[in-house]
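> One structure follows; several queries about it will come next.
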Amino acid sequence: MASLSVLRIRRCLELWCRSQKWLGSHVSVAVAMANSCSSGLTPSLGTSICHGGRPTNRKKSESFYCCCIKTSKYNAFNFLPVNLFEQFQRLANAYFLFLLFLQLIPQIASLAWYTTVMPLMVVLSITAVKDAIDDLVMWLPGPLVPHCPFLIFLFPLPSADILLLSSSEPYSLTYIETAELDGTLIPSFCFLFSFFLFFSGEVRCECPNNKLDRFTGILTYRGKNYILDHDRLILRGCVIRNTDWCYGLVIFTGPDTKLMQNSGKLLSVSLQIGSMCFILAIGHCIWENKKGYYFQDFLPWKEYVSSSVVSATLIFWSYFIILNTMVPISLYVSVEIIRLGNSFYINWDRKMFYEPKNTPAQARTTTLNEELGQVTYVFSDKTGTLTQNIMIFNKCSINGIFYGGVYDKNGQRVEISEKTEKVDFSYNKLADPKFSFYDKTLVEAVKRGDHRVHLFFLSLSLCHTVIPEEKVEGELVYQAQSPDEGALVTAARNFGFVFRSRTSETIMVVEMGETKIYQLLAILDFNNVRKRMSVIVRTPEDRVMLFCKGADTILCQLLHPSCRSLKEVTMDHLDDFAVDGLRTLMVAYRELDNAFFHNWSLKHSEACLSLEDRESEISLVYEEIEKDLMLLGATAIEDKLQDGVPETIITLNKAKIKVWVLTGDKQETAVNIAYACNIFHDEMDGIFIVEGKDNETVQQELRYDGRTATAHALEGNLQLDLLRTACMCKGVICCRMTPLQKAQVVELVKRYKKVVTLAIGDGANDVSMIKAAHIGVGISGQEGMQAMLNSDFAFSQFHHLQRLLFVHGRWSYNRMCKFLSYFFYKNFAFTLVHFWYAFYSGFSAQTVYDTWFITFYNLVYTSLPVLGLSLFDQDVNETWSLRFPELYEPGQHNLYFNKKEFVKCLLHGIYSSLVLFFIPMGAIYNSVRGDGKEISDYQSFSMIVQTSLLCVVTTQIALETTYWTMISHIFTWGSLGFYFCILFFLYSDGLCLMFPNVFQFLGVARNTLNLPQMWLSIALSMILCMLPVVGIHHCMRHPLPPPIRTKLKHPSSRRSAYAFSHKQGFGALITSGKTLKTNHCSSSLVFTQFSKEILESLETSINLLFHSHSRGSASSLEGTTQVRQGKVKKEPPDTCQEKTISGLPSTNLSKF
Amino acid sequence: MKRKFQNSQSRLPDNTAVKQQQLPAYRLQLSAKEILSGFFATGVFCLGIGIILLLSAKSIKEIEINYTEKCANCAKLRENAANFDRECTCSIPFYLSEAMRGNVYMYYKLYGFYQNLYRYILSRSNSQLVGTDIKDVTNCSPFKNSPDGTPIAPCGAIANSIFNDTIVLSYNLNLSIHIKVPMLRSGITWWTDKYIKFQNPGSHNLSSAFAGTTKPLYWPKPAYELDEEDPGNNGFINDDFIVWMRTAAFPTFKKLYRRLHRIQHFTEGLPAGSYSFLFLDFPVSRFQGEKSVVLSTLTWSGGSSLFLGLAYVVTGAVTWLAFFSMMAIHLRLKERKVFFLQ
């Protein structure tokens, strides 16, 4: 207990009860103010902010004490201080605040205070407005979760884990949908405390950790101890269902610590600035010694400057202030605006709108757009992502008899089509009209009253966690957590075993028209390890029955020996199902005698109360009763591919994006789907399967280059071997993955490959993977909203991914790169002029420009053109970027903005600043105006330099803009015109006479703009700055791939559905599948022991042709392949090579 | 279907050009031909401008006489505080072999005088100079107040260090007759400076307007007595003062001192012959720089600086060089492309 942190409940206040009319239900949450006695582990317990819900205005009038729960972070009073505090926590803002303070020190101030204050204010206020809008949006009823009847909004930022105390349900049951478990509904139990406004008790619980399915603690209340486990916890992000209200206690809360980075670049630039300042300070020191000392008659040193060294120290900081305009604060706000704009484009894209569901694509994070253009690895979930996740009860095997196939008169198997006659369910009034089934023999069997068939469907209608809703008599709607379950229960319903309603203790089933009530004695719940669930019910005939359904691999070991032969037959059927790409479950039952069950339930409750290692004890108890099961049969559920998946994957492959499928499904199913959607190709001849049950086998599998590794695939040294093998492969499928393992695989690639990864998934079981990857994409599909809520981008169809990556991602990346290189360039050119001027101004930190120009340069004069560039520019249009996925490749290697590009910007900036400084200098040095008056005064000089600078950077951006829209014209030329307007305003008589000490450049515009020297020097600067750029650009420019030469393979003729056409290739596969099957069974005991650690099986298909260049390791891999399964060569290798080559010329050209 | 959505709030994004990123646009794709001709044209332009500039600069006559060394004795003498009031003149004769036709301008040129130091530039009070608040010396450190605390007018380091040499040019008709070349001291400043930026304080009588202030430390006379000949040229609107107050951008600079009054012998400009400069009032010279005086005629493009002309010529030449080399590369590439296609 040492590591337990103690929370003491001071008081527990009922905070509010809100009515949500639009949801038609009440959800009330009571939250205790808890403060932590432990220190750093529970950082924000004391504040206890819970994003619970939204107190409507109407409710505010009621006398609920609502002090510490807020949906929104701010109110009218605290907005300013809280928001400012938050903003200054960001490194960049704090840095500029520090600069501002530097500037306020009179001894080192080299710029007027407003040069920093004004941009900072603008940036802060823009961010503040954005935050305020974000905050307001939270108050509005979002269209987020339309189909969940009851929920707590636990918004992504500070949310909380809540301990349930009490709920509206009679048996203190609350159904919650948890995020991290396999997308199931979990009944949570509350303590039945009668109501308390003041409640004192103590909760002892474990420290916050990342084990989401485990929680231990004790609640002490009125001297009694109550055990807390994870059943009683609503984790953050959970959804409450089937519950009118509940009260809870906030246990853990704290801000998400998704990091804001980007501090590295700032640091390196600061260092650079620092070194420049150092040079200048040394220069100043020397100058003061040689010149400044003698100039003291005219400008005495300040009293505190005793020597030139002191002066140089001060000058260092003065230059630090000046040179910091290299990375101005507006960079950050511009980046945010660009990202925001580019995410809006995603939201607005009509081509990513999915009409049947009325869902547009959604960019939920605005910070990742440019990473979308750099994705190298895509990790995809299978179910619901590649497939539609519309589950259809398709086939079944009951008592060794296969149902579900349709045969014609000759006994030939018939493909099911629209025309195939459906089974008539009219005998059953409660049948779901949408359900269709084609095999009449099954209905006949039901009608005949086949005992086994009845039992089979009865078990399907009893063993689940579905929640029925019957708003209108006879119209049942099932709220199923996973669609498999829904499909099974719906199937049972149609065949005449209608699950009608449930309480926490009973289940009402209408069996062939006859209502029966089963007493629910226990639910032995599903979890990742058990991979099965059971219910124990007492039938109306007073028999105690256990119904179990679960993964065949697990269940087949728990069967009674008497059903061995049935098992063999069923396993054969299961293999057939798997080949068809169906999802399978085994169903079994056991009849228990009363005494045995009584004994067991005592043990069960004992185990439930055990404090230590409760879970393993409970699962031991479960295992005790889940044995000697009688096999009933197996179910097969069809899982349809989504539209355009194969095409999308082909396109992704062309762009050298590697698609890995991480699925919890069986290997056979997964391989089938992989073939169907082109992750595996027909011509890939070496599919080899890495599979191991414990560390030794995994080690053997991976020992391909003489390396000995000693630990499990995902946990130890084998990681690297695994990764190396997998990365050489053309397509990778990882099967039987738990959510945690999915995340581990993603982490693995992320850690060692240093490339941008994208995870796409739809279900709650993908959440961890989505969070682990750089970019998480959620498919708003069938399996609830969990994945979507945790994702960065969300849409409803997998094939939108190519648009997201190749159009939006590519553009975003290109725009961001163009933005960054231009932005750095313009600021280098702008700032470095000061550096050169230092050599002529005694290193005295004198700026070249007017302070107002410095203030406005980034804020006004150059902000709009660069924003226009980075919001509207398109290097190639969307058709081209979709047709030539090769164009995506530069992004993966980050070719458009990296250190090299940065150095190029720097060099370009240095060159420009040299031109911008020395051309005007030469023009006015020792020169006079046409009327003999002077020209070489400081103010004219700064005017000439700043005007040439603006002309140069505007021309530069005009050259970089490839896509000239009206807006770009307005922004670019408008800004330049606006500069002259502002110039005349700032240098006007009125303003300068009103504030003579602030605006000192009176008349400079009028007297300088009419000078031939000025325009000649501007023209010369522009020519000198632009010509090399144009010339180099022209020489380096890669001509676009000529369309004639590129043979584009239109993938229209691809199969759209399952892998039936892969018959030849499948022979080997199926046999290997069978041998694997036995392996599974024989070694599954080992598997349960190591279950937590082992990546159970990993399948790899490798196209040796594509990777024959990867030398030794590839050949050793070939060896492995040969050992595993004789090579099946389907097509001559030439086809493949041809394909490679046909792709090559265009890439080569584009590189040229 | 669509209808239904329109009724029941379809979330289909609007079909506008901006939102769908379909704005009509012109794609900037410069072809090789365009770029090459651009280079060629730029080269022509630069060479043309350069040659014009060089030719026009050639017509300028300029003579510069450095008097730092030659008047060093005087300077030394004046450095000694005891000799502060002693008159010291030094005269430098020179010979003009060719007449300087047209307007002739006389400049003083300082080498190594840092008028662009940060603290130096700041050290002035514009509100004082514009005549609104004569006692506003806030920005003028380190020359705000005199030791006894009275505010200085005009205050600040710039005003304090004013160039106050008196330079007189005389034309030696023959050995005995020395004609003082008539010079104008007006029209040497920007109009905006003279009439807007610099204004004397409101009072009618200048000396009373400056009451309560004291003269800058290094000035022999108060501001309102700068020009004894022209009472309208006193105070802050004194032309020499205004010229000095427009600080130079670089440590070496020349400022307009006088322009030739084209009367009598000098209607055509300065005739050839022998002249001499006479330097009076030669105070502090401890900035380790050099001083010279410049006589110059002008053209449309201003002074004698050859820089712009040379720069244009060089740029034009380099552009042409680039043009020819790019042309060569282009032609070879084209050849290869043709070969490749065959």
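Including glycine, each Cβ sits where the backbone N, Cα and C put it.
The annotation domain 'P-type ATPase N-terminal' is assigned in TrEMBL to A:61-117. Annotation comment: TrEMBL describes A:111-129, A:136-157, A:185-205, A:266-287, A:307-333, A:819-839, A:851-872, A:905-928, A:940-959, A:1014-1035 as transmembrane segment. Annotation comment: TrEMBL describes A:Asp381, A:Lys382, A:Thr383, A:Glu485, A:Phe526, A:Lys549, A:Arg583, A:Thr663, A:Gly664, A:Asp665, A:Arg736, A:Lys742, A:Asn765, A:Asp766 as ATP binding site. Residues or ranges marked as domain 'P-type ATPase C-terminal' by TrEMBL: A:790-1036. Sequence annotations record features per position, and here TrEMBL assigns compositional bias 'Polar residues' to A:1112-1124, A:1138-1152.
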> Could you pull out which residues elsewhere in the chain have a CB under 8 Å from any CB of the transmembrane segment (A:266-287), counting only those six or more residues past its ends?
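Counting only partners 6 or more residues beyond its ends, the transmembrane segment (A:266-287) has Cβ contacts under 8 Å with 91-92, 95, 308-309, 311-313, 315-317, 319-320, 323-324, 326-327, 835, 838-839, 842-844.
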> Mind giving me a neighbour count for A:Arg583 (ATP binding site)? Other Cβ atoms within 10 Å of its Cβ, every protein chain shown.
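Total other Cβ atoms inside 10 Å, all chains included: 21.
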> Give the three-state DSSP assignment (helix, strand or coil) for A:Arg583 (ATP binding site).
strand
> I'd like the Cβ neighbour count for A:Thr383 (ATP binding site), meaning other Cβ atoms within 10 Å of its Cβ, all protein chains included.
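29, counting other Cβ atoms within 10 Å of A:Thr383 (ATP binding site).
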> Over the span of the domain 'P-type ATPase N-terminal' (A:61-117), how high is the average pLDDT in this prediction?
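Value for the domain 'P-type ATPase N-terminal' (A:61-117), mean pLDDT as a whole number: 71.
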> Are there residues at least six beyond either end of the transmembrane segment (A:307-333) with Cβ under 8 Å to its Cβ atoms? List them, or say none.
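For the transmembrane segment (A:307-333), the nonlocal Cβ contacts are 92-93, 96, 99, 102-103, 105, 107-111, 116, 119-120, 122-123, 126-127, 265-266, 269-270, 272-274, 276-278, 280-282, 284-289, 292-293, 301, 823-824, 827-828, 830-832, 834-835, 838, 843-845, 847, 854, 857-859, 863.
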> Around the C-beta of A:Asn765 (ATP binding site), how many further C-beta atoms are within 10 angstroms, looking at every protein chain?
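Neighbour count, Cβ to Cβ under the 10 Å cut-off: 30.
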> Count the Cβ atoms, other than its own, that fall within 10 Å of the Cβ of A:Gly664 (ATP binding site), considering every protein chain shown.
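That number is 24.
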> DSSP on A:Gly664 (ATP binding site), three-state: which is it?
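The residue in question, A:Gly664 (ATP binding site), is coil (DSSP, three-state).
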